[in-house]
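Trainee: Below you'll find the structure I mean.
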Amino acid sequence: MAVTGSDLDVAKEFLIKGELVAIPTETVYGLAGDALNEKAVLSIFEAKNRPAFDPLIIHTDSIEKAAIYVSDIPEKARVLASRFWPGPLTLLLPKKDIVPDLVTSGLDTVAVRIPNHPLTLELLAQLTFPLAAPSANPFGYISPTKPEHVDQQLGDRIPYILDGGECEVGIESTILGFENDETIVYRLGGLDINEIESLIGPVVLMPHSTSDPKAPGMLKSHYAPRKPLHLYRRDEIVPGDAETGYLMFDRYLEGADRKYQRLLSPNRDLKEAAHNLFAYLRELDGLPVSEIKAELVPASGLGLAINDRLQRASVPA
Ligand code: TXA
Ligand code: MG
């Protein structure tokens, strides 16, 4: 098991030595290493069992520092960065040579974000390099939103988990890229697309693909529990046999055992639902059930990102 604590000096020392540390962010926990150290980056891929064609996000703590790693920040990107950073926004920007090709899987853009968590912002401020950090889960499994999630799955592979409590947002950052005059959404996430569009105009949603390396962020099967997950609209979901778990939006399903049910948000608050999504999926996955039935949430705002995660989690690996 890894040591869990909130000592920035300890985290810093491991990272400077090229070792990995799990870090808290407002979205999910990240598995962090020195983004400029190829050995550290390689060990991130190894620890997660992640295919080398799936590039990493680099994390830093200011736009000025981000500019060290990218050759251009288009106007729309600047507008979004000044409004949403620090926050659940990742921008795909043209990379400079200083960023190892390993980080970007050979692509000429690098994904950059400033996470909004006080401990991690302080850590980044004290480091002389950015942190490459994918979500701290084995490739394909549910993302971690609590330090114990990280410990359960990667604890034997990393020396230290920086404890920043539960992740506030609960789903990963929204990823945006800029091509010609278009803004492309590579991954729906913690930001409401309407808010983005109200600042910079219409955006284009990138369709999912199964394993197209040109769109590595869009792998169809992802975030999946070990138990089969089946999705339903509210009016379609009916009780299964006794060995069924239920992920419901706001109300319990009549006729099914409540101890095998989780409510994402009794108040129909999509922020609360996003916050609970991965933790509840994990809880259900750990119950003595043989399948999980989940209800899709209202498809607007953050609900689009929640349904996206549910859909990908329901595709068998
Ligand atoms: O909220 C988050 O973004 C979390 C926290 C830890 O910051 N990180 C995260 O990283 O979700 P990860 O590696 O689990 O997901 C990053 C996604 C991947 O699907 C990857 O394919 C995509 O970003 N990505 C990274 N660089 C890319 C690039 N240059 N072009 C297209 N997609 C890219
Ligand atoms: Mg991930």
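In case you wondered, yes, glycine gets a Cβ from its N, Cα and C as well.
Note that this is a predicted model, so its numbers are computed, not measured.
Residues annotated as L-threonine binding site in TrEMBL: T27, R113, A133, S173. According to TrEMBL, the feature ATP binding site maps to R50, H59, T109, S135, S143, R187, Y223. The domain 'YrdC-like' annotation in TrEMBL covers 5-191.
Surface or core, plus neighbours and distances: that's what I need for these features.
Mentor: In the three-state DSSP classification, T27 (L-threonine binding site) falls within coil.
When other Cβ atoms within 10 Å of the Cβ of R50 (ATP binding site) are tallied across all protein chains shown, the result is 19.
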Trainee: Who sits close to T109 (ATP binding site): which same-chain residues at least 6 apart have their Cβ under 8 Å from its Cβ?
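Mentor: Long-range Cβ contacts: L92, L93, P94, K95, G177.
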Trainee: If the ATP binders are R50, H59, T109, S135, S143, R187, Y223 per the record, what's the largest distance between their Cα atoms, in Å?
Mentor: 24
Trainee: Considering only the binding-site residues R50, H59, S143, R187, Y223, which fall within 10 Å of A133 (L-threonine binding site) when distances are taken between Cα atoms?
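Mentor: Those near A133 (L-threonine binding site) - Cα within 10 Å - are H59, in sequence order.
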Trainee: Within 8 Å of the centroid of the Cβ atoms of T27, R113, A133, S173, which other residues of that chain place their own Cβ, given that this set defines the recorded L-threonine site?
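Mentor: Once T27, R113, A133, S173 are set aside, the remaining close residues are T25, V28, G30, I57, H59, P88, T90, P115, E172.
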Trainee: Just how spread out is the L-threonine site if you go by the largest Cα to Cα distance in Å among T27, R113, A133, S173?
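Mentor: Answer in Å: the longest Cα-Cα distance is 12.
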Trainee: Measuring Cα to Cα, tell me the gap between R187 (ATP binding site) and R113 (L-threonine binding site) in whole angstrom.
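Mentor: Taking the Cα atoms only, R187 (ATP binding site) lies 14 Å from R113 (L-threonine binding site).
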